[in-house]
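Look at Swiss-Prot and you will find 74 tagged as active site, proton acceptor. As annotated by Swiss-Prot, substrate binding site applies to 13, 14, 15, 16, 17, 18, 75, 163, 164, 165, 166, 186, 199, 200. As annotated by Swiss-Prot, Mg(2+) binding site applies to 45, 74.
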């Protein structure tokens, strides 16, 4: 197994929301996490058909370009009534003609799709957020950590916190959407103290248990 020498790691993302979450999650472990954008790296084309493949594409590109280990995350919303869509194409559903991303439009598109298949009840609107974290090294070696958060899609959107599809995702057992939760509420844990809540925090918790000597307390 490759070692994480030193405290430098590249977060292979240009997504401001993801970068904030990684900074929150890695802060307690003393890592200096710089983004691919900090290094002036371009965004590679995500040509994979699974979360794992896309996470690897991003992490490997950053690791090779910087000579440092790199962490990437590929994530998406998988809705049961839509046969798992948007899935790995979650970000694509937000793309506009000028190449920017409009997640208000993406949430509306998801709601229209649910209405078209007659998904009206909470039971018919179940889904999950999935996140796969890839730790890649310059020589191509890689490890994967997967986290999922089960919940229900609500409409209209609720809350202005978080990012992406957070305002329409109500995690099981809670009365707040991810869009109504603070970062601490959404992550749902502190190292060694509690179980993670969000998909990204659950994936990161597995990474931390494997790589950062985090005790397996409340593991998901």
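Start at 1 and count along the chain as shown; that gives each residue its number.
Using N, Cα and C of the backbone, Cβ positions are placed for all residues, glycine too.
This view paints the features noted in Swiss-Prot onto the structure.
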residue : record                       : Cβ contacts under 8 Å, 6 or more apart
13      : substrate binding site       : 19, 22, 35, 36, 37, 58, 72, 73
15      : substrate binding site       : 163
17      : substrate binding site       : 162, 163, 164
45      : Mg(2+) binding site          : 57
74      : active site, proton acceptor : 46, 48, 51, 52, 54, 55, 58, 88, 131, 132, 134
75      : substrate binding site       : 18, 51, 90, 129, 130, 131, 132, 199, 200
166     : substrate binding site       : 159, 177, 178, 179, 186
Taking every protein chain shown into account, which of the binding-site residues 164, 199 has the largest tally of Cβ atoms within 10 Å of its Cβ? 199
With the substrate site defined by the record as 13, 14, 15, 16, 17, 18, 75, 163, 164, 165, 166, 186, 199, 200, how many Å span the farthest pair of C-alpha atoms? 21
